[in-house]
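According to TrEMBL:
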| type | residues | note |
| --- | --- | --- |
| DOMAIN | 5-257 | domain 'G-protein coupled receptors family 1 profile' |
| TRANSMEM | 25-54 | transmembrane segment |
| TRANSMEM | 60-88 | transmembrane segment |
| TRANSMEM | 108-131 | transmembrane segment |
| TRANSMEM | 167-190 | transmembrane segment |
| TRANSMEM | 202-220 | transmembrane segment |
| TRANSMEM | 240-259 | transmembrane segment |
Amino acid sequence: MNDCENVTVTEFYLTTFSTSRINEILIFIGFLLVYILAVVGNLIIIVLMLATIITGDKTISFLGCFIQLSFFIFCANSEIYILTSMAYDRYVAICSPLHYSLIITRKVCFTLATFYMILSVVNSVIFTLLISTLSFCSSQKINHFFCEVVPLMKLSSSDTKRMKVTLLMEDICVAGSLTFILTSYVRIISTVVKIRSSKGQLKALSSCSSHIITVLLYFGPSMFMYMKPESEDSKEEDKILSMLYVAVVPMLNPFVYSLRNKDVLGAARKMANLKGNRIALLLKK
């Protein structure tokens, strides 16, 4: 017999580790040290990569340059595909909310993620192999702060027609992704306009704000960089624009996505209230 059919459960209680309070504190310290070491390790890697600015040693090995190039291409393509997938997710959520759970299933998400990751890897390998076959006997000075496709092509003394064709195909794919994102938002806006209440319109648009900000920050500088006329003075501008989608966008991602997430904000408020209550109790004592 069900004795709690009239009781509404709003939360659960996690028992975590079945141990004493002292052991729980030790476990907390252990996990905290693990995460701190992970962060410190990444910071050390970042500092070592940026050490060339301070030390003045701006050399990079042939192998190191192409490893850097392959990771850059992989990450850049992955970001584009993720933004494209998110545009489709927002389109379904706003334009077909009743069918969202039927369309955006775990299988669909896993398939898209796997396909895009494989596509990014293949794309990275193809570009890296093609660039590595070029000759760089005339000059070894890359006019950039990291190994990128276009500066390496300009540096090469080989015929780069095949590379230019491949790069054009890549640009067409990127343009296709951007067109899909823009088309999705045209449909989204047309659906939002039909919503009668202003509160409903604001709620629908706010669910897309994080994605819109990231799309603008990522595609804006890269499009301006590749579409503007080329000149000697523009090379320094290209470096600054590259910094936006190489460093600034990843820096803002945690704030744009995580800090706008209701669960993250709720957890932060809960932690703040808990600490506030404990401090108040200590002050009373």
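Glycine is treated like the rest: Cβ placed from N, Cα and C.
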Candidate ranges 108-131, 167-190, 202-220 - greatest C-beta contact count to the transmembrane segment (60-88) (under 8 angstroms): 108-131
Mean of the pLDDT scores, which run from 0 to 100, over the domain 'G-protein coupled receptors family 1 profile' (5-257): 80
